Amino acid sequence: MHILVVSVNYRTAPVEFREKLTFQAAELEQAMNTLQNQKSVLENVIVSTCNRTEIYAVVDQLHTGRYYIKKFLADWFQLEIEEVAPYLSIFEQDGAIDHLFRVTCGLDSMVVGETQILGQIKDSFLEAQQVKATGTIFNELFKQVVTLAKRAHSETTIGESAMSVSYAAVELGKKIFGDLTDCHVLILGAGKMGELALQNLYGSGARKVTVMNRTLTKAEVMAEKYMGHAKPLSELQCALLEADILISSTGASEYVITKEMMTKVERMRSGRPLFMVDIAVPRDIDPAIDELEGSFLYDIDDLQGVVEANRAERLKEAEKIQFMIEEEMVLFKTWLSTLGVVPLISALRDKALAIQSDTMESLERKIPNLSDREKKVISKHTKSIINQLLKDPILVAKELAVEEGAGEKLALFAKIFDLEVEEAGNTEEVEHKRAWTPSVPSL
């Protein structure tokens, strides 16, 4: 078995292409179910955010897995594979594991050290678990990844200077307007990104805030937290007349603000400039609006310059986290290598228990007057003898599984105990069964 990541992200693709490959939250369950039925795919988790769409998969063959995951992406978004392939990054085995750790810890984010991605990875994994798209390997890997990411943020200072994309948008506004106290701010979208932006705006002194959302009650709840006002989206054109700063993140599939709408608004603004930041993917604001004289539009890719300001300090802390990742990878790979010994240990236990069962039957025939209590006591003690005898061989088998040449050594182990196990010790050939998937503690 192999671990594979197929990624389109802000490093490999511009926002115009990323928005074509963005899964909506409501369709993730169906998408993971569909991917799970693809040839070669044994487990999968799909992560889709404004900066990345990534497929994490356990596959039986790397070449086949790569092809069918690319095909799945192309088919799902009604594109040709040739259109998608140039924008993809592919990570395999150690590279895939390292990538997942780095992404979850915020080391691969546009804003290094941000914590929002940790919640997004965790949510995607839990949803994949619910639809039974994960199994033995990802249940363990994602548990370790989320645990390490939490530890990385608590044991380093990377979060102290890190910014979210929402905060970067606010920083850009402060550079242009300076004091935000007298600026009228309009927030489109009452989701996480919108609230993060509003939280940072409020912390920077903004007090004239209007929140708009398709569902007015959500806008009202968010506006109330920060002493703002809520309006229905039907009043958008009027709200644009009053705003100095607009930050938009609605998650709509079409432009919420068109060039035609903004052209009409500009005529009534009497030359007042409007600073617009579109942090949605797909974009909320028609990019053609940037051609208008009084509108200054920035999208999510334009925020990179703001992000770089604090990058050097955060990268020092990132080096510490990378060391933590490397240590955790050793632990995971050690665990992974022991999967090959599971059938061997099961076969050894089964053989020993079969001998114990045969012995009990023989004993009952020879001593037919045994009471039920006596049978129970004898059975308990004979099983105890078996457990004591197996303890050391099982420990040795686990040690052999992580040594060089594990396959040959475990094959010899199986021969010594006369065990019939196919491909003993070969992790890549162990049958992938969820029947023996361990339960995963709550994250």
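Heads up, residue numbers simply count up from 1 along the chain you see.
Cβ from N, Cα, C; glycine included.
What Swiss-Prot lists as active site, nucleophile is Cys50. Among the features that Swiss-Prot reports, substrate binding site is placed at Thr49, Cys50, Asn51, Arg52, Ser109, Glu114, Thr115, Gln116, Gln120, with the record citing sequence analysis. Taken from Swiss-Prot, the feature NADP(+) binding site applies to Gly189, Ala190, Gly191, Lys192, Met193, Gly194. As annotated by Swiss-Prot, site 'Important for activity' applies to His99, with the evidence given as sequence analysis.
In this view, Met193 (NADP(+) binding site) is surrounded by 26 other Cβ atoms within 10 Å of its Cβ, with every protein chain counted. For the binding-site residues Thr49, Asn51, Ser109, Thr115, Gln120, the greatest number of Cβ atoms within 10 Å around a candidate Cβ is found at Ser109.
Cβ-based crowding with a 10 Å cutoff singles out His99 as the top-ranked of the recorded positions His99, Lys192.
The two recorded residues, Met193 (NADP(+) binding site) and Thr49 (substrate binding site), have Cα atoms 11 Å apart. Around the Cβ of Ala190 (NADP(+) binding site), the number of neighbouring Cβ atoms within 10 Å comes to 25. Here Gly194 (NADP(+) binding site) comes close to Ser166, Ile187, Leu188, Val211, Asn213, Met222, Ile247, Ser249, Thr250: these same-chain residues lie at least six apart in sequence, with C-beta atoms under 8 angstroms from its C-beta. A straight line from the CA of Cys50 (active site, nucleophile) to the CA of His99 (site 'Important for activity') spans 18 Å. Apart from Gly189, Ala190, Gly191, Lys192, Met193, Gly194, the NADP(+) site neighbourhood in this chain, defined by C-beta within 8 angstroms of the site C-beta centre, holds Ile187, Glu195, Leu196, Ala197, Met222, Ser249, Thr250, Gly251.
Cα of Gly189 (NADP(+) binding site) to Cα of Gln120 (substrate binding site): a distance of 18 Å. Cβ neighbour density within 10 Å is lowest for Gly191 among the binding-site residues Gly189, Gly191. The two recorded residues, His99 (site 'Important for activity') and Ser109 (substrate binding site), show a Cα separation of 11 Å. When the Cα atoms are compared, Lys192 (NADP(+) binding site) and Gln120 (substrate binding site) turn out to be 11 Å apart. Look at His99 (site 'Important for activity'): DSSP puts it in a helix. Thr115 (substrate binding site) sits 19 Å from Ala190 (NADP(+) binding site), taking the CA atoms of both as reference points.
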